[in-house]
Amino acid sequence: MAWASAAIAERVSHLLGDSSENVVVISITLMVALLCACMIIGHLLEENKWMNESITSLILGLCTGVVVLAITRSTNSLVLEFDEELFFNYLLPPIIFNAGFQVKKKQFFRNFVAIVLFGVIGVFISFAVIAGGCGLIFPALKVQGLEIRDYLALGVIFSATDSVCTLQVLSQDDTPLLYSLVFGEGVVNDATSVVLFRAVESINLVEIDVFTILEVLGEFVYLYFTSTLMGIAVGLASAYIIKKLYFGRHSTDREIAIMILMAYFSYMIAELLYLSGILTVFFCGIVMSHYTWHNVTESSKVTTRHMFATLSFIAETFIFLYVGMDALDLDKWSRSDVTVATSAGLSATLVALVLIGRAAFVFPLSAFANLISRAPDTKISIRQQLIIWWAGLMRGAVSIALAYNKFTAISSINATMITSTIIVVLFSTVVFGLLTKPLVLWLLPPHLRSTDDSEPSSPKESDFYPDIQVPLLVNGEPNGAALMQNNASRQVGPVTSLRMLLRARSSSVHHFWRRFDDAYMRPVFGGRGFVPTIHEVSSEAALEAAQH
C-alpha cells in the first residue's frame, strides 16, 4: 500500500513538473474534482449558519495547494497561478449577468439612489482613506520602493468589495432591502473600482490640476452612461430578435444559444470599447429578464433560468478555489524579502484601513439617503447600516486581479504587495464571511425583518409551478380571459386585492414607467403578456407518427 502511494505520488509529481500538455490535463482534472467536492461539502453544510460555499471553497483550495506542493516537493507551483484575464473574461461575466437576471428589479430601482451613493461616492471616500493611510503608515513600517501612483492603486484595490461572496451570505428573500443595497453596491463598486484603477494608471501626476480632475470625473460619467446604455441596447436587441424571428418554432436550442451568446457579447463588446463590462452585462441581464425571457418557449424559460444560475454558481465556486490555491504559490512569497513582523504589520494596517474607509462612507451616506428618501420602507435603520458596513468588508478576486495587474514587475516590493493582498483577502473572506450570517441573525431576528413578498425574484418563480397560477396582466389590469385556476378550483388572491395593489402609489415613478412600458416597449420587444404559440409535439406522439 505504501509502495503504491509512493508510486502514485512520484507519477503525479513527474506530470506536474512536466511542461507538456499533461499539466493542462492535470489542472483541469484537479479543478473538476475539487468543484465536485465543494458541491458535496456545501450540500452537507447547507444548514450551518457559519459556513458557506465561498469559505468552503477557499479552505479546500488552500488544503489542495498544500497537497500539491507536498507532492511536487515545492518544485513547481505553476498549476496554482492566478490569471486575471481568465477571471475578468470568463468567470466574472456569468456571475454578474445572473445577478441582473435574477435580481428583484422593483427593489433594486427603489433603492437605486442609495446604491449609487454607496457604489460611486463611497468608493471615492474609501479610496481617499486607504490611499492616504497607506501613504502615511507604510513609510513608518520601513516599506521602501512605493510611489504616489502605487499608493493610489492600493486605495483602489482595497476599495473593491467582493460582490460574489455577498450573494452567499445574504438572502434576497429574507432580507430584500439589505441584499439589494449590498449587492447592488457591490456591482456598481466593482465597475467604479475598475474604471478608477484605469484612471489612476493613465493620469499624469506631474501635471495634475483642477481641469485634470474634472476630466477624470467627466470620463466617469461618460463610462457609466455609455456602459449602461450598451447593456440596455444589447438586451433589447436580443428581445426583438427572438420575438420577431421566434427561433422556438424550429428549435429551442437556438433561442437558448442566442440568449447566452448575446449576454456574453454585451460584456465583450463593452470591454472592446473600453467601457465597463460589469455594468453592461448587469443591465443586459435586467433587460433580458424583463423582455427576452418572456419571448421564449416554456421549456426554454426553465432551461435558461437554471442554466444561468448553474453557470454562475460554478464560476463562483471556481473563483474561490482558484484564489485559495494561488495563495500557496511559493514564487511570490520567496521574492518578498520583508520580515514576518513587517508583513503582519502591513496586512493589519490594510485591514484596519478597510474597516475605517468603509465606515467613513456607509454611515454618513446612509443618513443622507434617509434624508432624501420619502418612502418609509426604504429607510435604512442603524442595525441595517451595521450589517451593510460589515457585509461589504470582504475583499475577493477583483482585488487580487487588480493587484496582479498593477504589481506585475518582478521585484521585492511588488511581491510584498501581492502577498499582502492575498492575506487581506483570505482574512476578510474567512473572518468577516463567517461572522456575517450570525450578525444578521443577531441584529435582525426574523420578527424584525420586513420582507417584501409582493415581488418574487425575476424571472418569476411562479411561472415554473403550474399548481399556482397567477393572473395575466394586460396594460396593468387583470385579463379576465387569462385568469387560470389550479385544477379548476384554486385561484391566487381575490381580484379586488390585486387591483388595490396595482393602484397603490399611482403617482410614483414606477407607475409612469409601467404605463410607458405597456404602451410602447412591450408591443415592440415583448415581455410579460407575450405568449409565443407553438405546437410542440410530444416525444410519444412523434414516435407514433414515425412508426406510421
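One-based numbering along the chain as shown.
Every residue, even glycine, has its Cβ placed from backbone N, Cα and C.
Range 57-74 is the one annotated as transmembrane segment, of 57-74, 183-200 (source: TrEMBL).
In TrEMBL, the feature transmembrane segment is placed on 276-294, out of the ranges 143-161, 276-294, 466-484.
Between the transmembrane segment (57-74) and the stretches 220-242, 306-325, 410-435, the greatest number of Cβ pairs separated by less than 8 Å involves 306-325. Between the transmembrane segment (276-294) and the transmembrane segment (23-45), the number of CB pairs under 8 angstroms, six or more residues apart, is fewer than three, so the stretches are not in contact. A contact between the transmembrane segment (115-139) and the transmembrane segment (23-45) is absent, since fewer than 3 of their C-beta pairs, 6 or more residues apart, lie under 8 Å. Ranking 86-103, 220-242, 345-365, 386-404, 410-435 by CB pairs under 8 A with the transmembrane segment (306-325) puts 86-103 at the top.
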